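Asks: Shown below is the structure under consideration.
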2 protein chains.
Amino acid sequence: MTDDPQAPGEFGFIARHFAPLAGPEGLGLGDDAALFRPSAGMETVISADMMVEAVHFFPDDPPDLIARKLLRCNLSDLAAMGAVPRGYLLAIAKPDRLHDAWFSEFARGLATDQATFGLTLFGGDTTRSTGPLVLSLTILGDVPAGAALRRSGARPGDSVWASGTIGDAALGLLARQGKLPDPDGMLRDRYLLPHPRMGLGLAVRDIAHAAMDISDGLVQDAGHLARASNVRITIDADCVPSSAAARAAGGDWLETRLTGGDDYELLLTCPADRTDALLAAASASGTALTRIGAVEPGQGVVVLDQAGRGISFARPGWQHF
Amino acid sequence: MTDDPQAPGEFGFIARHFAPLAGPEGLGLGDDAALFRPSAGMETVISADMMVEAVHFFPDDPPDLIARKLLRCNLSDLAAMGAVPRGYLLAIAKPDRLHDAWFSEFARGLATDQATFGLTLFGGDTTRSTGPLVLSLTILGDVPAGAALRRSGARPGDSVWASGTIGDAALGLLARQGKLPDPDGMLRDRYLLPHPRMGLGLAVRDIAHAAMDISDGLVQDAGHLARASNVRITIDADCVPSSAAARAAGGDWLETRLTGGDDYELLLTCPADRTDALLAAASASGTALTRIGAVEPGQGVVVLDQAGRGISFARPGWQHF
């Protein structure tokens with residue numbers, strides 16, 4: 001590593017685009033590794049997410065939004081555990097066809113969201129790809145020792161809640177593909193730039209029984225939570241919050257909304273006697289929170305229509321392969 | 001995530017190959033993130049390395065060796081800081097053409113080296129690649145707070161040392177490409193499977209002034225250390241330790257040996273009054289350590305021949321792009 005932005009190859013590339021993003025833990029991106037210390041009494045929450053060109057984003061998506069989506073997908077995992085973000089490592093497999101102008105925009109997106117979410121770059125790796133651009137981000141956050149929200153804490157009698165609105169990003173992907181009208185671009189924006197619920201995760205950490213982020217489709221993700229907690233989750237389809245833009249897209253999209261990916265909302269369960277505290281916490285964090293179902297003894301996920309009849313879907317959510 | 005190895009898609013894939021590798025920090029690979037706590041008084045050392053098919057390894061290299069090299073490249077970064085490995089996160093972009101048999105071997109390699117080096121899988125991500133297999137590993141280790149070895153500690157008057165032998169892996173790559181005879185396969189083995197110097201890194205942590213791992217070519221990496229410490233490093237070419245197999249390859253390969261990548265040996269500097277302690281520590285860790293040069297006031301790296309004349313090379317080391 002060098003701090004000369006004019007240096008050839010990867011060293012100048014890192015100096016130009018990434019050294020300005022590094023925090024003190026990154027040691028100037030000039031050592032073999034980063035040094036990280038959790039704050040006193042805290043433990044470290046760590047998650048990794050990889051995004052592949054033409055799989056997770058379109059080659060002509062704006063580079064700054066690709067960067068911010070990558071960071072925000074990982075931030076959403078921290079939110080789900082009730083953690084405060086600290087920093088991240090970023091590995092990039094870079095095709096030769098992508099040049100400085102692209103990565104300058106990409107780094108600008110990272111800088112924007114570093115400021116928004118209060119974290120810095122700790123380190124990473126840059127290398128060459130013979131195929132698509134591949135981005136791999138590992139995020140680190142702090143949570144008081146033993147206090148992390150888990151998927152395994154749901155208990156029969158809990159209510160089930162979802163933040164924000166569900167399905168906009170899946171509809172936004174269809175809009176991005178020209179398969180759905182999206183006059184004001186609101187759905188597409190939700191696909192391009194998720195809004196991780198950091199404040200909500202923190203606010204409900206000592207109230208919710210279980211939490212996870214909804215990233216691969218509500219029904220599939222609820223299934224993961226049900227399984228981890230060894231319970232059954234029933235969801236009232238009509239209660240699942242939808243945006244005005246999603247409603248304008250019509251009722252035929254129910255399956256897309258409930259099984260589509262990229263929401264990055266939070267799914268929570270809450271004991272009956274803590275409902276008021278949950279709603280107060282959500283309100284204090286400025287996040288809409290909607291009751292969408294209940295936790296029961298049993299297994300799996302059941303989605304009910306207005307008449308209380310089960311609805312079945314062709315697939316419960318996004319499969320990465 | 002599910003623990004059903006028969007489940008379709010990524011969930012069964014993770015259950016079959018990776019869930020058995022997870023440590024307690026990984027929470028069964030079934031939560032949004034891992035939870036990690038450094039041991040008391042320690043801080044966390046973190047590094048990330050990415051390997052791309054047809055860039056860092058051959059498509060027909062044995063999958064278990066690809067896995068072990070990936071892990072060992074990252075372990076070498078911990079060794080350079082004097083850290084003890086704890087765990088890792090692994091992100092995989094998987095081309096459709098690679099099937100279960102391949103990943104079964106790959107996971108077997110990880111299991112082997114997890115046992116050898118004492119670490120476990122904390123988490124990660126699996127997704128689809130439309131191009132090459134891309135592997136991104138983030139490693140975490142423990143070091144006593146404030147005790148990590150750094151590149152920036154070299155001082156004029158220090159001696160410069162290299163572990164093991166230098167250049168075997170670069171020659172092994174040529175042998176792998178059929179450009180060099182390698183009758184007993186020793187050079188190729190050094191290319192395929194590095195030996196990170198964990199014991200040496202720990203043993204010299206309180207003795208050496210500076211350390212880094214030699215991964216992209218001795219001359220280039222020495223330049224990084226010189227720059228981080230604001231000193232000049234002189235290297236006596238004749239002192240750079242070579243293996244019998246490398247010597248059998250002849251003297252024409254000096255440039256390849258001194259500027260080739262993939263050694264994963266350690267480069268150390270040591271104050272004059274600590275030479276005996278350094279050699280005793282190296283001996284106790286069972287690692288060969290050879291004095292190859294000196295630290296002087298100034299900048300950059302100078303490689304000297306037997307007559308004390310400077311040798312120049314076309315390029316100092318491996319450039320990732």
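Backbone N, Cα and C atoms are what each Cβ position is placed from, and that goes for glycine too.
A TrEMBL annotation is a machine prediction, not a hand-curated record.
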Asks: In TrEMBL, the residues B:Asp32, B:Asp77 are said to bind Mg(2+) 3. Which of B:Asp189, B:Asp206, B:Asp213 is said to bind at that same site?
Replies: B:Asp213
Asks: In TrEMBL, the substrate site includes B:His56, B:Asp262. Which of B:Trp102, B:Trp318 does it also list there?
Replies: B:Trp318
Asks: Check B:Asp32 (Mg(2+) 4 binding site) against DSSP and tell me helix, strand or coil, would you?
Replies: coil
Asks: For chain A, give the subset of the binding-site residues B:Asp32, B:Gly124, B:Asp125, B:Arg151, B:Asp216 whose C-beta is less than 8 angstroms from one of that chain's C-beta atoms, in sequence order, otherwise 'none'.
Replies: B:Asp32, B:Gly124, B:Asp125, B:Arg151
Asks: If you measure from the Cα of B:Gly124 (ATP binding site), which of the binding-site residues B:Asp32, B:Ser47, B:Asp49, B:His56, B:Asp77 is the nearest?
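Replies: Result for B:Gly124 (ATP binding site): the nearest of the binding-site residues is B:Asp32.
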Asks: Taking helix as H, G and I and strand as E and B in DSSP, count the residues of the domain 'PurM-like C-terminal' (B:155-303) in helix, strand and coil.
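Replies: Helix (H, G, I), strand (E, B), coil: 64 helix, 33 strand, 52 coil.
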Asks: Given B:Asp125 (Mg(2+) 1 binding site) and B:Asp32 (Mg(2+) 4 binding site), what distance in Å do their CA atoms have, once rounded to a whole number?
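Replies: Here the two Cα atoms are 11 Å apart.
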Asks: Starting from each candidate's C-beta and looking 10 angstroms out, tell me which of the binding-site residues B:Asp32, B:Asp49, B:Asp125, B:Asp216, B:Asp262 has the most other C-beta atoms.
Replies: B:Asp32
